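Engineer: Marked as ATP binding site by TrEMBL: Gly92, Gly94, Arg95, Lys115, Asp127, Gly128, Arg178, Arg185, Asp264. Taken from TrEMBL, the feature active site, proton acceptor covers Asp254. Sequence annotations record features per position, and here TrEMBL assigns Mg(2+) binding site to Asn255, Asp264.
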Amino acid sequence: MASLSFPTFPNIEKTYTALPNSFFQFTNPTPVSSPNVLLWNDDLAEEFLFDHWRKDDVVTAQFFSGSNLPEAIKPFAQAYAGHQFGHFTMLGDGRTIVMGEFQNRRGEWFDFQWKGSGRTKYSRNGDGRATISAMVREYIMSEAMAGLQIPTTRSLAVVKTGEPVLREEIQEGAVLTRVASSHIRVGTFEYAYQTLSLDELESLFRYTVNRHAPELMVTENPALSFLDFVMKRQVTLVTNWMRVGFIHGVMNTDNMSIAGETIDYGPCAFMNGYFGKRVFSSIDTNGRYAFANQMGIAQWNLACLTNSLLPLIDSNEETAIELAKSKLNELETWFQESYIRMLGEKIGFPNLTEKDLPLLRTLYQWMQDREADFTNTFLVLEGVYTPKDSIYEDSRWKDWVKDWREEKEKQGIREEDAIKLMRKSNPSFIPRNHLVEIALTNVRQGYMSVAEDLIKRSQNPYIREIDYDYGEEVPKGGDSNYQTFCGT
Ligand code: AMP
Ligand code: MG
């Protein structure tokens, strides 16, 4: 194709490529035959000075499918490894390519990356491509996460390629533009620690700290401070997932971002009926990444990160291990405290303590026994939703609500304060599985409006309005047979 005239480009950087060559490879996306923009995120475009680019523009489709690039762009794929279902594996960007780093209006730098843009050095046996369904799904879920105000990578665009992708059936391909604070993963550190030199591990460490928390470089033990930083962000992140009923589904260490953003939307889903062992992913047959396991798995992953940082924590291995162990012990406490605080806020208690936990256990046990909807139950409790579901006539539910009221009174919590807390803790809208599936069926048939409506509703998920249809009456038996898939 003849070279295009691109709209003015914001400043672009590629600081990552100052790292040793072992961390990346310069790679261009593979051009596609007839790109067309399916989804374009106006708000995000505005935030990154891409606002004069348009959904219906030929140049936008060319660039965001990776088919035609201005000279200034030197894209690259990143190397990493990861523990997948507990086993160490060499990976790397098999179907994503970083276009570079762009600044938002506040002057902060973010990676922009094409996903589904063709093979790279790290593709192994994969085709480097992605289906329309998988990329629109990532767009819907990540933007819903942003709407919920939970740290996440964002989605700027989905461009269909006009080319078939062979999965279980043939689907059209698509390229998603993902925006992230960085794409450095726990698995990037494991890769450096396990396969590269100490100098290379140090380069990655310095780069990452400078990028995400430069102030840590002047602390007494920067590696330990960095660990502290990553741990705290993960505690916040996973606590938030537990708050809204989100199951990531594939919390391998390569899918855990150092910056603490939700990343790699593959088999993830929000659950309807509460069930601690809920798993949606077709390959998670042992329930390793089940809903209630997520805090434990985050700790396991952070132990992998800790291990990879040992030589930077102290040159004496024994000392390093001692320091690391005490940090990991703290982590356990942070998770526990953060989880308890979150549980309290969901029922309107600002200072829940361990001794109040039986109250929560009874509620969760009831929800599990009756497959009560995890989102709607808290709306019922707040008094803003009258469900059609008869389980709320249960004496166990009514008794629990009575206990909750009494305890609230005993602790001197004012009604309006409780409501205020519940309002900001409990979403009234999540992208429920049946809604996501309806949207994707439409997308595969060439209709975008259902997906667009869903994305729009997800932007305001804490809304409380009289007569608002919060509930999306959940199909009975809900989503217990729902299945999700990796890498589609
Ligand atoms: P995921 O399960 O999406 O986290 O992917 C695990 C690894 O497989 C990552 O390194 C991906 O880049 C790679 N991968 C997934 N799908 C493909 C594909 N279609 N082609 C090449 N590599 C892929
Ligand atoms: Mg991944």
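One-based numbering along the chain as shown.
Every residue, even glycine, has its Cβ placed from backbone N, Cα and C.
All annotation found in TrEMBL is predicted automatically rather than curated by experts.
Note that this is a predicted model, so its numbers are computed, not measured.
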Engineer: Using DSSP with the three-state reduction, classify Arg178 (ATP binding site) as helix, strand or coil.
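Structural biologist: It is in a strand.
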Engineer: For a quick check of packing: other C-beta atoms within 10 Å of the C-beta of Arg178 (ATP binding site), how many?
Structural biologist: 25
Engineer: Counting only residues 6+ away in sequence within the same chain, which have a CB under 8 Å from the CB of Gly92 (ATP binding site)?
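Structural biologist: Gly92 (ATP binding site) has long-range Cβ partners Ala77, Gln78, Ala79, Tyr80, Thr120, Lys121, Tyr122.
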Engineer: Would you count the other CB atoms within 10 A of the CB of Asp127 (ATP binding site), including those on all shown protein chains?
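Structural biologist: Around the Cβ of Asp127 (ATP binding site), 16 other Cβ atoms lie within 10 Å.
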Engineer: Identify which of the following binding-site residues, namely Arg95, Asp127, Arg178, Asn255, Asp264, place a Cβ less than 6 Å away from any atom of ligand 1, and list them by sequence position.
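Structural biologist: Those binding-site residues that pass the cut-off, since their Cβ is under 6 Å from ligand 1, are Arg95, Asp127, Asn255, Asp264.
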Engineer: Among Gly92, Arg95, Asp127, Arg178, the binding-site residues in the record, which have a C-beta under 6 A from ligand 2?
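Structural biologist: What lies within reach of ligand 2, judged by Cβ under 6 Å, is none of the binding-site residues.
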Engineer: Take the C-alpha atoms of Arg178 (ATP binding site) and Asp254 (active site, proton acceptor) and report the distance between them in angstrom, rounded.
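Structural biologist: Rounded to the nearest whole number, the Cα-Cα distance is 16 Å.
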Engineer: In this structure, which of the recorded positions Arg95, Asp254, Asn255, Asp264 has the fewest other Cβ atoms within 10 Å of its Cβ?
Structural biologist: Arg95
Engineer: Between Arg95 (ATP binding site) and the residue listed as 'active site, proton acceptor', what C-alpha distance do you get in Å?
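Structural biologist: For Arg95 (ATP binding site) versus the residue listed as 'active site, proton acceptor', the Cα atoms are 14 Å apart.
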Engineer: Considering each pair of residues in Gly92, Gly94, Arg95, Lys115, Asp127, Gly128, Arg178, Arg185, Asp264, all listed as binding ATP, report the largest CA to CA distance in Å, no decimals.
Structural biologist: 23
